[in-house]
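Enquirer: Once you've had a glance at the structure underneath, I'll fire off some questions.
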């Protein structure tokens, strides 16, 4: 029985009031009647539709979102579509067509997002046992106002700890994580009244007990911010951005008190049209975000109700990671550093009763980069600042990654020779490659995905170039190295259908040596195999496994830290142990390695091996320690006390500081003049600047100019000594001042810092030659490398004695009669160990053995003294001793053999909190009594007390003393390696490339700091880079690169040509650009314009922060009432057209076509009289009237906005005028003025010369005399 109009309205009213949910499709006529009912019902009518803001507690403070967006008068009757009415029936109010929310497209740039924690490091990015090393203070990869990857409204948020089990989560933490298993936009826009319903629902249905089994690994419980909350709020502030292309807000859901998360997800899918599939979501069946929480498995468990996480049952006996620092003995010890007694409590020592093989463990579930496998978007990774400044920062980041930002490396050119043949394409390749390096330097705690790398492109036609640069940077170890975790989203190829369970084969890579080179090699190989896992699965084999064979019971090699003892020992006990003990005393306090699992629990530690880091020689390690691992590295600041043995006095501290500045300038200048690839203009500029510096520092210099022609003919060290002689004679330096410079030369050579500072633009930082020390010891670096994100498979006490390579296998024989059969071998031990103790079959090539023989290792002897209290002056960084041998060497006298055996003694009190002095023994200046350890300690102690004791403090009680020697054993050759063939400048031009820091000999690979050790970085960083470089040959042999030739296809080539024409890059002339920058006037104008642009940008940002964004003009309404009638009556007319066609054809299943429906619409419209058309005409008139009101309001708001913005701009401009001009701009201004004066002077001189020349050419013959009276004939 058909229902009348009033019956349909009653039904609609019933469904609206009860908020019932429909699973079946409603009849179109019912939808139409609901629309009319919604139109004729007042907004504030309690029996009408449910408005979303009315469900909040303060429903009088906010107007209807629909009314604000579509109507000025809230009491005006509303015409809505059938879809809007259906959404109202399903439980939500009338939603705005253009919602006030963030853009939910996965890779649409959202520069207005206020969620500052989107790209910051999540809690779970570090192991839960390494809590105090969570670098939450680090800046995110993108600024707080720029977040390129906006995924729903909770992308890349850390997984809440309280959902995994019982925890003491606070109220803020509990309320911030109620969206697990719910649509993101629904969870982030809950009204307060309904939010409590969901909180009760989740309290009653704990996800930790139902959805997630107990075997899921726990996350870190450390707070993500200083507020103490265990989670980050989804929105840190109000969202002001309105995007018309954003995915619309979904309606408010039904009451969830009796619904499970799967039912909520099903309801969520029913409410969303299947025709719209944002790229944020995984597939057509699931509308859950790809990274709803940190772990990918969690989103799969919510989506599919299955948790495919393998059980994490721990093995019975597992060798612990190198997480414990051994306690230093309270007794003064001597003897060899590698003595067995000394290694009993070393770092990473294996506990008693454990087996030597460490089984592999399940990979920890670290948070991965959000949405790295979705569709890329051009410009998504570029910040909102100007491209010019961004490319400058990108070029600087490339230098920090050991890349020339404007040239291809030799191995890069070999790899890409067939693909980068066009200079214009090469120009864009450099910009893209440098920008990817900027992403890595900005935040190395997250691995860079291919999609994120493609986001640095300004146009999508450059995506192939980004893939090319990304492939090169990943394979050669310039990015994505260290303690990183990779999931399936980082695989470089598409999945071929092969899974790890169906694969049957697996290769093995063995790394011999667990020093820094071996550990970073194993960790990098593990990461590369994870990123290229699909390449192995496509061949029906598992990614290769990596094992490490270590000869000793600890890891770290020459990185060796020991915890300082707490107890104090008397002086009598010290003398007794010093004279009678050659090992650690049994009476000293010991620390069980099992009890210490976190280096942060160690109060203080001292390094017996590598200790100091210097910039820029160790920039890569410093970036890894500071930004990725969160290891605190402090600079050793303070003054230096220097004692001259010849003059028997302590030099003036002001004079020492002045000479230290001179030494730094000498090192910078020689670095510029030494490299043959430095442009002549840059060299001339540095010569003039250095000459000006010397003239200002030493006014009594000679009148002649400083000549440095010898720097082009000798090695770096020889050039430095020649420069010291010339500067000393030119500046009239005294004998003590020259000895100080030579002493600086000797100290730099001993500290392994005497290398040319190889930078392209000679941009020397102010903190060069300032030593940096890792608090709690440098052994935290190898401890982290072998422990995170999953422990490496290390086999201890495996002394390899023979390596046999036959056919496709490599056999490793150990001294304990054990044998390993692997596919490839990496030798990462010391050169003397594998050249003397390891037999190779077949033998090593001649060029390898010759290179090893050319390396000279310094012994690395070190003395450490611990006192009861500091007896020296405060704020003293080091104590220097200028020996008599320097004076004898300067005067060409014979050495009497009584010179001091130390050059510098470091004060470690500010870094360790314990009065400790560390001295490196100079192997070239040893006294006659230095062979005996006890005499060495007593002599050094007496020297310090006699020359550097403060008069106000007479107490100098020595508690402990340790002496280490890294050359008196068969495993280590010494501490630092030095080349014997370092006189060739061409060797320094290699810029310590990764590919030239290892040998790839088929299945045998050799890595270490002794390979091409003449490059410009210290031994420690060379060891690190060598371990990275050896992985390139391995991954290339196992997973070859797959790139198309040419790299840019025909279609992309056309798009690129059009893009280049639009951007006018074809007219780029590097020579003209270089000539333009040579002028100081042009450089000053650019610098000034850059400052003005920066002020303008800050000005606009200030206006935006204070006033928000400029109001958007209202959309113009439709002026044709028939179109409104057609939209609202489509379903009715289609039903009428269907009935007419069935009546004409006699077919009960006949359907009318679109044209027939349109004809029916036109016919019914024409049949309406004026009264029937009046509602539609009135609605159009009302919309026009509302539009007129909106226009007036928009004009008023715009005028007010512009007036206030102009006032803010004027105030900010007045403030900027009062600020002083930056020093670099003022310097350029002075140089530009001087250049202009010189130009004018030159111009005047040329004019004067031309006048003089014209006067000489002019001769007066009297013909122009006015008194001449000619006779006319």
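From the backbone N, Cα and C atoms, a Cβ is placed for every residue, glycine too.
Relevant sequence annotations retrieved from Swiss-Prot are reproduced here:
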- 1115-1195: DNA-binding region (DNA_BIND)
- 509-551, 558, 572-573, 1147, 1156-1157: FAD binding site (BINDING)
- 247-307: coiled coil (COILED)
- 681-767: coiled coil (COILED)
- 199-230: compositional bias 'Polar residues' (COMPBIAS)
- 574-590: compositional bias 'Low complexity' (COMPBIAS)
- 1233-1253: compositional bias 'Basic and acidic residues' (COMPBIAS)
- 1264-1273: compositional bias 'Polar residues' (COMPBIAS)
- 394-490: domain 'SWIRM' (DOMAIN)
- 199-237: region 'Disordered' (REGION)
- 542-1198: region 'Demethylase activity' (REGION)
- 571-596: region 'Disordered' (REGION)
- 1215-1273: region 'Disordered' (REGION)
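Could you place the listed features in the three-dimensional structure?
Expert: Note on the DNA-binding region (1115-1195): mean pLDDT across this stretch is 88.
Within 10 Å of the C-beta of residue 530 (FAD binding site) there are 19 other C-beta atoms, taking all protein chains into account.
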Enquirer: In DSSP terms, helix, strand or coil for residue 551 (FAD binding site)?
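Expert: In the DSSP reduction, residue 551 (FAD binding site) maps to coil.
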Enquirer: I need the most crowded of these binding-site residues: 509, 516, 551. Count other C-beta atoms within 10 angstroms of each C-beta and give me the top one.
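Expert: Result for the most crowded candidate: 516.
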Enquirer: Starting from each candidate's C-beta and looking 10 angstroms out, tell me which of the binding-site residues 523, 537, 544 has the most other C-beta atoms.
Expert: 523
